[in-house]
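Take a look at the structure set out below.
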Amino acid sequence: MSAAGKSNPLAISGLVVLTLIWSYSWIFMKQVTSYIGAFDFTALRCIFGALVLFIVLLLRGRGMRPTPFKYTLAIALLQTCGMVGLAQWALVSGGAGKVAILSYTMPFWVVIFAALFLGERLRRGQYFAILIAAFGLFLVLQPWQLDFSSMKSAMLAILSGVSWGASAIVAKRLYARHPRVDLLSLTSWQMLYAALVMSVVALLVPQREIDWQPTVFWALAYSAILATALAWSLWLFVLKNLPASIASLSTLAVPVCGVLFSWWLLGENPGAVEGSGIVLIVLALALVSRKKKEAVSVKRI
């Protein structure tokens with residue numbers, strides 16, 4: 001049996017730490033909106049994140065060879081500029097917990113895009129999960145009482161999830177055509193490309209003047225060192241030492257912990273209707289995760 005198939009306490013601990021790091025990053029992302037524009041922060045986050053990732057790449061002796069440009073740029077635009085940039089923009093007027101949940105609808109978009117572009121058939125359980133998620137989204141959005149600001153935030157958060165899902169399809173095609181591509185190298189180069197793109201966006205789009213408070217520096221340090229370099233290193237370690245089905249639990253745990261952290265630290269009470277929608281989305285995520293696990297077990301040789 002491979003190491004990834006065994007119960008590894010150290011890897012499970014790494015998964016817990018990883019989940020907490022990525023969950024708490026939503027709190028910093030929300031708090032920093034009071035001092036810096038969404039695109040300025042995303043650009044700086046990508047710049048420092050790329051710097052730290054390339055240092056990690058050098059320390060691990062992986063070399064600096066660029067990954068396939070076309071796919072890497074597409075992932076940078078969709079995953080980092082699209083997912084992170086849109087989520088940060090959504091947080092300007094939206095709550096951290098709500099934005100986290102809507103961004104983490106990504107697995108549903110992956111299922112839909114895989115059916116449309118990769119020819120993967122939707123199973124009955126996936127149809128059911130998508131219906132549950134759609135109803136959950138309806139309850140979270142509460143369109144009967146939305147104003148423009150909350151509607152804008154919700155749509156940006158959903159588009160963040162859509163963009164993230166599209167990046168997963170691009171990544172699948174990349175791995176199909178270049179199976180030996182190194183994940184850490186890919187992450188580093190796409191972060192560099194995203195830093196360049198977001199820097200241009202930040203220069204072109206008018207935003208609030210940056211108020212260089214300690215929160216901004218703490219948020220940048222947290223994003224670059226913990227949420228990027230350490231978290232991705234932990235993710236690689238977790239993937240190597242745990243089954244993919246267990247590693248994918250972070251897809252469920254991060255938005256849930258994000259909601260709990262925002263409730264506890266930011267006083268964001270979702271209310272009965274929105275809370276019910278969040279529960280339904282998490283249930284649907286669990287169903288999609290279970291179906292993925294079954295599909296992987298069938299396809300393994």
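Cβ coordinates are placed from backbone N, Cα and C, and glycine is handled just like the others.
Here the structure is a predicted model, which means the values were calculated and not measured.
Features of the protein shown, as given by Swiss-Prot:
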| type | residues | note |
| --- | --- | --- |
| TOPO_DOM | 1-8 | topological domain 'Cytoplasmic' |
| TRANSMEM | 9-29 | transmembrane segment |
| DOMAIN | 13-141 | domain 'EamA 1' |
| TOPO_DOM | 30-38 | topological domain 'Periplasmic' |
| TRANSMEM | 39-59 | transmembrane segment |
| TOPO_DOM | 60-71 | topological domain 'Cytoplasmic' |
| TRANSMEM | 72-92 | transmembrane segment |
| TOPO_DOM | 93-98 | topological domain 'Periplasmic' |
| TRANSMEM | 99-119 | transmembrane segment |
| TOPO_DOM | 120-127 | topological domain 'Cytoplasmic' |
| TRANSMEM | 128-148 | transmembrane segment |
| TRANSMEM | 151-171 | transmembrane segment |
| DOMAIN | 152-289 | domain 'EamA 2' |
| TOPO_DOM | 172-185 | topological domain 'Cytoplasmic' |
| TRANSMEM | 186-206 | transmembrane segment |
| TOPO_DOM | 207-218 | topological domain 'Periplasmic' |
| TRANSMEM | 219-239 | transmembrane segment |
| TOPO_DOM | 240-245 | topological domain 'Cytoplasmic' |
| TRANSMEM | 246-266 | transmembrane segment |
| TRANSMEM | 269-289 | transmembrane segment |
| TOPO_DOM | 290-301 | topological domain 'Cytoplasmic' |
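When Cβ-Cβ distances below 8 Å are used as the criterion, the transmembrane segment (39-59) is approached by residues 29, 32-33, 80-81, 84-85, 88-89, 184-185, 187-188, 191-192, 194-195, 198-199, 201-202, 205, 207, 210, 216, 219-221, 223-225, 228-229, 232-233 of the same chain, each at least six residues removed from its ends. Note on the topological domain 'Cytoplasmic' (60-71): DSSP counts are 3 helix, 0 strand, 9 coil.
Mean pLDDT for the topological domain 'Cytoplasmic' (120-127) in this predicted model: 79. Residue counts of the topological domain 'Cytoplasmic' (172-185) by helix, strand and coil are 9 helix, 0 strand, 5 coil (DSSP-based).
A Cβ distance under 8 Å defines the sequence-distant neighbours of the topological domain 'Cytoplasmic' (60-71), meaning residues of its chain 6+ beyond its ends; these are 54, 170-171, 173-174, 177-178, 181-182, 184-186, 189-190. Helix first, then strand, then coil: DSSP counts for the domain 'EamA 2' (152-289) stand at 116 helix, 0 strand, 22 coil. Counting residues of the topological domain 'Cytoplasmic' (120-127) by DSSP class, helix then strand then coil, yields 4 helix, 0 strand, 4 coil. Same-chain residues lying 6 or more positions outside the topological domain 'Periplasmic' (30-38) and placing a CB less than 8 Å from one of its CB atoms are 44, 85, 88-89, 91-92, 95-96, 99, 202, 205, 207-208, 210-213, 215-216, 219, 262, 266. Sequence-remote contacts of a segment are chain residues at least 6 beyond its ends whose Cβ falls under 8 Å from one of its Cβ atoms, and for the topological domain 'Periplasmic' (93-98) they are 26-27, 29-30, 140, 149-150, 152-154, 156-157, 258-263, 266, 268, 270, 274, 278. Within the domain 'EamA 1' (13-141), the DSSP-based counts of helix, strand and coil residues read 104 helix, 0 strand, 25 coil.
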